[in-house]
Amino acid sequence: GASGGTHAIEFLRTTLRRKQVDYDHGNSIGTERFHLARALTASHLVAIGVGAAIGSGVYILVGTVAREHSGPALTISFLVAGIAAALSGLCYAELSCRCPSAGSAYHYTYVCIGEVVAWLIGWALMLEYTIGGSAVARGMAPNLALLFGGPDSLPSFLSRQTIPGFDIVVDPCAALLVIVVTALLCAGIKESAVVQGVVTLMNVCALVFIIAIGGYLGFKNGWKGYELSTGYFPYGVSGMLAGASTVFFAYTGFDSVTSTAEEVKNPQTDLPIGVGLSLSICCSLYMMVSAVFVGLVPYYETNPDTPISSAFASYGMKWAAYIITIGTCTALCSSLLGSLLPQSRILMAMARDGLVPSFFSDVDGRTRVPVKSTVVTGSLASVLAFFMDVDQLSGMVSLGTLLAFTTVAVCVLILRYVPPDEVPLSPSFREAIDLVSSRRATSSRAFSSEEATSEDSRPLLLFELRTGTVNKEKRRKIATWAIAFIVTGVVVLTSASSSTLVSTTLRTVMCGVGGAVVLSGSISLSCIEQDEASRNFGHKGGFVCPFVPFFPVACILINVYLLVNLRLVSYYKHSHVTFVHFGPYFF
């Protein structure tokens, strides 16, 4: 009984154990081998963020979403999705400034929530980046073949082959591409960022070509796609919102920026700029491409496999397909680098914290990058890309993304209302303090009241410093329960709204209860004062997320809703990382 309860309490403490913000990796071992090179500026971060977010799927996604969901309102769908992604971006921006260390969402979760949840988030992100990178790499061979003349135009050592008797299609081109990108990442973070910038610029130029030439064709020949009797919202507002939930995944990738926080020269200013500009550039390009595309061809006539190429071909510009294919290839390269870069940093951060072998925490003394982690993660992605068709695992990519976005928003609420200690005491030191306090409290009973007052002043002061005043403690308890109610209410609300297994009446009741719980929790947080300790938590002087708690709560609601409906949208995420050749398979 007693021992079982002790073990349960110890397990709970381990589960909720949190790490400190200002963890000096170099001093922890007396050497500098753990220090990463601080070489990145805001321009490097923008290149990494835009390159990771704008994948080749945008060249397919516009056709599918316009045809099945949004119609001419595709531009509004991208705008709504961009606003939703910006909510997550605001949360990432604040936490990256306060906790500028490698690991991104894993690190924030470990600091604000606890060890077990951080461990789960870390492995979910590792799985996301590995599968996503492998899926991206398998898209290169078909697109290179289209670029050079046809399916059989690639040399035999690069083209796909089927292993007799095993029905396994190997992809040497995909494996080679992963190896090349891994070698680039091992060369140095600045070199990788420069190459990412060049490749991303080529991709952006292809999108600008679509916007410029498509706009010219539209103004010259009339915007046929907007002159329809069905109007701007043929599927209604609900269709536009369904399209927004689909294209939301086209914005994921900006979190790659925050994974490099430890390698940024001025993280307090450059990280928010990198996240904000990345999302702004992506949203602007997506909206302009979609506005031109849906104007050139009526939405119901779009080709779901090669929508943009077919739109240009309808105006006699078949040669434009080559430029679009080049853009697709560059998008694959930049998206692959954006997938492989964060996972090595997350693995390194987990090794530093003792959650994986310390072997992965080593940093090369010359290039100042985690070479061992990069080689191991790159090798795993290369093997997957070579042997496995990872299409059926694409939903796991979305799972890791949405879990990370949700926990980061929860972390912002915790940081503002229930911030952890900035420099937590070690267990041995905390036990020593408790022992001294109890001894002083016991011995004080033997003295006179005057002496007891003198003796008890130090334990009382220590208690106040550790636990705060009664009012502060009550406020923290209220905030803790409010955050718990918000998360619970969001789960109930989103699950009920998406369920088809219960009656309409029960769904309505559950939605009402869940919504009321979320609303009451949000109002409770807005009515109490944010904790004063949050102002000095972590590194000061950086970006602060506005309109807390409402922005983080909206972020949690959006991401949990997408998470509950993951089966409905997972393949659209894959279209963000897939390629033109596989279009018929998915659509």
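Cβ coordinates are placed from backbone N, Cα and C, and glycine is handled just like the others.
The feature domain 'Cationic amino acid transporter C-terminal' is assigned by TrEMBL to 543-587.
Residues annotated as transmembrane segment in TrEMBL: 42-62 (among others). Within its own chain, the transmembrane segment (42-62) has Cβ neighbours under 8 Å at 74, 136, 139, 143, 190, 193-194, 196-197, 199-201, 203-204, 207, 246-247, 250-254, 256-257, 260, 264, 269-271, 273-275, 277-279, 281-282, 285-286, 289-290, 293-294, 304-308, 324, 327-329, 331-332, 334-335, 337-339, 341, 572, 574-580, 583, 587, counting only residues six or more beyond its boundaries.
With a cut-off of 8 Å between Cβ atoms, the residues of this chain six or more beyond the transmembrane segment (74-93) that come close are 62, 65-66, 104-105, 240-241, 243-248, 250-252, 254-255, 257-258, 271-272, 275-276, 279, 282-283, 286-287, 290-291, 293-294, 299, 405, 408-409, 411-412, 543, 545-546, 551-552, 554-555, 558-559. What TrEMBL lists as transmembrane segment is 74-93 (among others).
Sequence-distant contacts of the transmembrane segment (105-126) (same chain, six or more residues past either end, CB-CB distance under 8 Å): 14-21, 92, 95, 99, 255, 258, 342-343, 346-347, 349-350, 353, 355, 377, 399-400, 403-405, 407-408, 410-411, 414-415, 420, 538. Sequence annotations record features per position, and here TrEMBL assigns transmembrane segment to 105-126 (among others).
The transmembrane segment annotation in TrEMBL covers 168-189 (among others).
Nonlocal intrachain contacts for the transmembrane segment (201-219), taken as residues 6+ away from its ends with a CB within less than 8 angstroms of a stretch CB, comprise 47, 50-51, 54, 58, 281, 285, 288-289, 292-293, 295-296, 308, 311-312, 315, 317, 320, 323-324, 326-327, 330-331, 334. What TrEMBL records for 201-219 (among others) is transmembrane segment.
The transmembrane segment annotation in TrEMBL covers 231-254 (among others). Long-range contacts of the transmembrane segment (231-254) within the same chain: residues 49, 52-55, 57-58, 61, 64-66, 69-74, 76-78, 80-82, 84-85, 89, 92, 275, 278-279, 282-283, 286, 299, 335, 338, 398, 401, 558, 561-562, 565, 569, 572-573, 576, each at least 6 residues beyond the stretch ends and with a Cβ under 8 Å from a Cβ of the stretch.
Taken from TrEMBL, the feature transmembrane segment applies to 319-341 (among others).
Counting same-chain residues at least six beyond the ends of the transmembrane segment (369-387), those with a Cβ under 8 angstroms from any Cβ of the stretch are 36-37, 126, 129-131, 133-134, 137-138, 168, 170-172, 174-175, 177-179, 181-182, 185-186, 188-189, 339-340, 343-345, 347-348, 351, 359-363. Per TrEMBL, the feature transmembrane segment maps to 369-387 (among others).
The feature transmembrane segment is assigned by TrEMBL to 393-415 (among others).
With a threshold of 8 Å between CB atoms, the same-chain residues lying at least 6 positions outside the transmembrane segment (478-498) that come near it are 410, 413-414, 417-418, 506-507, 510-511, 513-518, 520-522, 524-525, 528, 531, 549, 553, 556-557, 560-561, 563-565. The transmembrane segment feature in TrEMBL is assigned to 478-498 (among others).
Residues annotated as transmembrane segment in TrEMBL: 504-528 (among others). Through the fold, the transmembrane segment (504-528) approaches residues 413, 417, 475, 478-479, 482-483, 485-486, 488-497, 549-550, 553, 557 of its own chain, all at least 6 residues removed from its boundaries and within a Cβ separation under 8 Å.
What TrEMBL lists as transmembrane segment is 540-564 (among others).
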